[in-house]
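A.B. asks: Take this structure, written in structure tokens, and hold onto it; I'll ask about it next.
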Amino acid sequence: MILATKVFFTSFVFGFILFPYFIKLLKKISKDGQPIRSCGPESHLITKKNVPPMGGIIILTSSLLPILLWVQLTPEILLLILITLFFALLGFIDDYLKLKTNHYRGLSAKTKILIQFIVALVGVFILKLYSAECFTKTSLFKGVIIDFGYLYVPFAAFVIVGSSNAVNLTDGLDGLAATQVITSFAFLGLIAYITQADMNITLFCIAFIGAILSFLWFNTHPAKIFMGDVGSLSVGAALGLTSVLIKREMLFAVIGIIFVIETLSVIIQISYFKYTKFKYGEGKRVFLMAPMHHHFEKKGWSENVIVMKFWIISIICSVFTITFLL
């Protein structure tokens, strides 16, 4: 408990101190802030203007400091750190290109996903090298075990990449991604503790909770900084790999239900638009706008209302998971 407290407060305090200086630095470097989509909600062109991205740099710095200081660097923790940093580098390049071109598009989606899958597959193969014979097995719920066999490697890679991009899609409102990530880390860390999977993984989760809470202080509406792709892609990958390491990938889908809904809303919207355009010559939409949080914005909901209601949903689903499915 004392060690967990050290990890939490080290990451939180370190982030809380660094963020104000980092925000000032970013505003000097990029006066225009993160490029905003002109096709997005009209209010964002005003409320998101001149807000700098790349807050994920401080999130990672604040998280990794206590991990390196207080957490035992087991192969699992080292793998978590490496995968997180690789995805952070990809996100940093994406953010940099957006700022350089002053356009909301950075790396192409195909390029990002290809690199993500390569990194994830390499990470899972490394995990396989030092894992036990039960490597291909995962827990569904209440002791129900599924053996994926040879399919587990691509499945685990899909979880990591899917989680990374789901957090990225969710990061569209002030405080939305941060609150969802905090909940996911909290309950995945709790599962690791309850199941005695690995106390070091619990400490890893606690470090990120502290760092993201310090970020949330400056990211609540109206946000002073965004986490950027360097934050969302890396944090999402860390969540996905954490669920893989504790063998609770399926439960993570329930805990991170908002991530799932946000991702599905985009897939449904794009698929239906392409289908109707092909069949009728004119594309139609299921939602007013995707991801889902923009749909509710279009219906007149305020950012704070959407963020809080989505957070309530994720907490309820997480408590349900711990109570009835674990």
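Every residue gets a Cβ built from N, Cα and C, even glycine.
Annotation comment: Swiss-Prot describes 2-22, 51-71, 73-93, 113-133, 143-163, 175-195, 199-219, 225-245, 250-270, 305-325 as transmembrane segment.
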A.B. asks: So which of 51-71, 113-133, 225-245 has the most C-beta pairs under 8 Å when paired with the transmembrane segment (2-22)?
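C.D. replies: The stretch with the most contacts is 51-71.
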A.B. asks: Using a Cβ-Cβ cut-off of under 8 Å, list the residues of the same chain that are 6+ residues beyond the ends of the transmembrane segment (175-195) and lie near it.
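C.D. replies: Long-range Cβ neighbours of the transmembrane segment (175-195): 167, 201-202, 204-206, 208-209, 212-213, 215-216, 219-221, 223, 227, 232, 235-236, 239, 242-243, 246, 248, 251-252, 255-256, 258-259, 293, 303-304, 306-307, 310-311, 314-315, 318, 321-322, 326.
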A.B. asks: Under 8 Å between C-beta atoms and at least six residues away from its ends: which parts of the chain pack against the transmembrane segment (73-93)?
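C.D. replies: Distant Cβ neighbours of the transmembrane segment (73-93) are 54, 56-57, 60, 64, 67, 106-107, 112, 115-116, 119-120, 123, 126-127, 130, 160, 164, 198, 200-201, 204, 228-238, 241-242, 245.
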A.B. asks: Is it true that the transmembrane segment (250-270) and the transmembrane segment (305-325) have 3 or more Cβ pairs under 8 Å, skipping pairs fewer than 6 apart in sequence?
C.D. replies: yes
A.B. asks: With a cut-off of 8 Å between Cβ atoms, can you find at least three pairs linking the transmembrane segment (225-245) to the transmembrane segment (305-325)? Only pairs 6 or more residues apart in sequence count.
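C.D. replies: Per Cβ check, the transmembrane segment (225-245) does not touch the transmembrane segment (305-325).
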A.B. asks: May I ask for the residues of the chain that lie six or more residues beyond the transmembrane segment (143-163) and have a Cβ under 8 Å from a Cβ within it?
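C.D. replies: Result: 83, 113, 116-117, 120-121, 123-125, 127-128, 135-137, 236-237, 239-241, 243-244, 249, 252, 256, 259, 263.
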A.B. asks: I'm a bit unsure how to read this: which one of 113-133, 199-219, 305-325 has the highest number of Cβ pairs shorter than 8 Å with the transmembrane segment (51-71)?
C.D. replies: 199-219
